[in-house]
Amino acid sequence: MSRFRIYPTPAQHAALLHHCAHARHIWNLALEQWSMWTRDKGPTPGYVEQSRQLTEARAAFGWLRAGSQTVQQQALRDFDHAIRNFHAGTHRRPTWRKAGLHEGFRIVGPPATRIVKLNRKWSQVLVPKVGWVRFRRSRAVPDAKSYRVTRDRAGRWHIAFAVIPKPIPAPGTGDVVGVDRGIAVSAALSTSDLLACPGWSKCEQERLKDLQRRLARCLRGSNRRRRVKAALAKLHARAADRRKDWVEKTSTDLARRFDVIRVEELRIASMTRRPKPKPDAQRPGSYLPNRRRAKAGLNRGILTNGWGDLVRRLEDKAPGRVEKVNPAYTSQTCSVCGHCAPENRENQTVFRCVVCGHRAHADVNAAVNIAAGRAVSARRETPVLVSPKREPQLATSA
Ligand SMILES: [Zn+2]
């Protein structure tokens with residue numbers, strides 16, 4: 001993906017929003033059709049059938065005909081893609097598209113290639129039924145056959161050209177690095193570098209709390225609520241931009257410096273899912289505390305540190321050079337003598353081996369173990385076979 005910020009005029013802004021609304025409407029209709037599947041009825045219409053229905057609908061309804069056919073057609077194609085991903089098990093069930101939240105559409109084919117360079121910094125692209133929209137050329141525009149226009153919650157418009165960038169070549173030095181991801185330190189390298197993903201500053205956290213409180217007091221649908229929401233979105237966008245910037249720079253740096261990058265295999269999706277409710281055996285209908293709020297705090301830590309993003313981007317930039325290591329006991333095992341005991345861990349940050357006396361930052365010690373690919377169980381040499389049906393467990397309780 002190669003993304004640029006676009007700056008539409010007020011009239012173009014309205015036209016772009018119209019495209020987004022059409023794409024969203026078509027997506028939601030397709031989702032509605034798909035969700036009506038039951039065992040006794042036949043299969044729900046697929047992409048080809050839905051496209052045919054779209055053509056019929058365009059003939060019948062003037063407002064649909066007024067929109068761009070490419071935008072509507074591509075919404076169906078996107079939905080088809082989402083269904084495929086869902087059935088392949090790589091993605092979750094497609095969800096409803098919501099105004100203000102999922103604003104975007106896709107343009108493919110010859111219309112997607114009409115790009116004109118204006119001057120040193122600006123270019124323009126001809127968006128069907130919208131006109132020439134200016135965008136800031138912050139890098140070379142790739143030769144792409146399709147692009148996607150999106151609007152984020154902070155109201156910024158972007159255009160992303162669909163190209164797969166070339167992977168970063170390995171340095172060829174044979175160097176291996178282990179990356180341990182944590183809450184206190186975002187990433188510790190086996191080279192004893194500690195990397196911190198920028199999160200919220202103290203001042204921003206206070207402003208966040210303040211805005212959230214203010215939002216709770218606003219009347220639904222009021223102008224004030226809209227303004228507070230916009231301010232909140234801006235704050236979130238700033239934090240997300242910072243995190244993304246860190247992920248991109250860190251992943252590029254690691255891919256350039258090391259031949260093999262070993263990371264711990266963590267299933268963030270299952271770790272960040274909300275804990276199960278615990279029914280109270282004594283009083284039917286009521287529940288025991290399940291530390292949900294505590295876990296929510298941890299989830300926030302995991303997500304703000306951009307764990308998943310970093311590994312995903314590493315795999316994009318250095319395909320075949322990222323190895324996943326079972327993280328069991330990497331934090332308790334001494335990276336010098338291999339002694340594994342929970343007592344080795346003096347506290348959250350300090351590691352001291354009770355046998356050889358090796359002392360190190362706990363996360364760096366874990367990173368060295370990960371770099372060595374050392375992931376043995378305390379009880380047995382081979383990893384424990386776990387039934388795929390079993391609930392995923394945290395590493396230390398395996
Ligand atoms: Zn030791």
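Here the Cβ of each residue, glycine as well, is placed from N, Cα and C on the backbone.
TrEMBL: automatically predicted annotations, no manual curation.
Sequence-distant neighbours of the domain 'Transposase putative helix-turn-helix' (3-36) (same chain, 6+ residues past either end, Cβ-Cβ under 8 Å): 44-45, 50, 54, 64, 67-68, 71-72, 74-76, 78-79, 83, 94-99, 102-106, 125, 127, 129-131, 133-139, 141, 149, 151, 156-161. Taken from TrEMBL, the feature domain 'Transposase putative helix-turn-helix' covers 3-36.
The domain 'Probable transposase IS891/IS1136/IS1341' feature in TrEMBL is assigned to 165-273.
Feature annotation from TrEMBL assigns region 'Disordered' to 273-292.
Per TrEMBL, the feature domain 'Cas12f1-like TNB' maps to 307-370.
As a whole-number mean, the pLDDT of the domain 'Cas12f1-like TNB' (307-370) in this prediction is 84.
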